[in-house]
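Q: Feature list, courtesy of TrEMBL:
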DOMAIN    59-198  domain 'Yip1'
TRANSMEM  63-81  transmembrane segment
TRANSMEM  93-114  transmembrane segment
TRANSMEM  126-148  transmembrane segment
TRANSMEM  154-176  transmembrane segment
TRANSMEM  183-201  transmembrane segment
Amino acid sequence: MDYTNQKHPQNYSQMEDLKTLDLEESVSETIMRDLRMIAYKLKYVLIPKEQEDNGKELRNWDLWGPLIFCLALAMTLSFKADSTTTSSKSDVFAIIFVLIWVGAFVVTLNAQLLGGKVSFFQSVCLLGYCVFPINIEAIIIAFIGSYLPFVVKLIPVIICFAWSAYSSVGFMASLVPPHKKKLAVYPVFLFYLFLSWFSLIV
């Protein structure tokens with residue numbers, strides 16, 4: 001099939017329409033399509049001001065992006081961890097991997113108990129994509145953190161924590177009644193705060 005005349009999709013809905021071609025496209029084309037979808041959604045995390053309709057694009061959930069960023073963070077922190085300590089590399093990997101998925105479940109459950117209408121997979125998608133800034137911070141500290149004093153390392157940690165939290169708060173707050181927004185976003189702050197702090201001290 002000739003794809004040369006096809007236009008790149010402008011939004012996720014158009015990407016969904018292209019899934020009808022799944023059975024006819026090659027593996028490489030499928031991978032590239034999924035990577036474009038991940039990059040398109042990641043834009044809403046990198047540039048929170050780009051979010052429209054309270055994160056409409058992130059409501060169209062997928063698990064590839066969250067899985068990639070979860071594994072990337074777990075591998076980065078396990079690589080950084082000192083295997084001679086009680087917190088071995090495998091322990092760090094398991095802690096981060098489980099924490100992200102269990103944390104997403106807890107945040108979702110909290111939002112639902114507060115009267116919010118959100119599915120588990122929507123919440124996982126959102127929280128998983130918003131882990132990306134913490135990935136950046138973890139990579140920075142893993143490679144040059146040993147040459148920097150603790151106070152200096154706090155700077156990227158604080159920036160990336162605020163970045164992740166800010167990117168996700170707007171979406172989570174829109175899911176619950178206005179007078180319960182603070183209760184909905186509080187677990188989100190704790191979720192990213194723990195990830196940021198853990199990436200600093202591991």
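These residue numbers are counts, starting from 1, taken along the chain as shown.
Note: Cβ is positioned from N, Cα and C throughout, glycine not excepted.
A TrEMBL annotation is a machine prediction, not a hand-curated record.
Give me the local environment of each listed feature.
A: Counting same-chain residues at least six beyond the ends of the transmembrane segment (93-114), those with a Cβ under 8 angstroms from any Cβ of the stretch are 66, 70-71, 73-75, 77-78, 120, 123-124, 127-128, 131, 172, 175-177, 180, 183-184, 187-188, 191, 194-195, 198.
Here the transmembrane segment (183-201) has long-range neighbours at 73, 76-77, 95-96, 99-100, 103-104, 106-107, 110-111, 114, 116, 127, 130-131, 134, 137-138, 141, 153-154, 157-158, 160-161, 164-165, 168-169, 172-173, 175-176, meaning same-chain residues at least 6 beyond its ends whose C-beta is under 8 angstroms from one of its own.
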Q: Across the domain 'Yip1' (59-198), what are the DSSP residue counts per state (helix, strand, coil)?
A: 114 helix, 0 strand, 26 coil
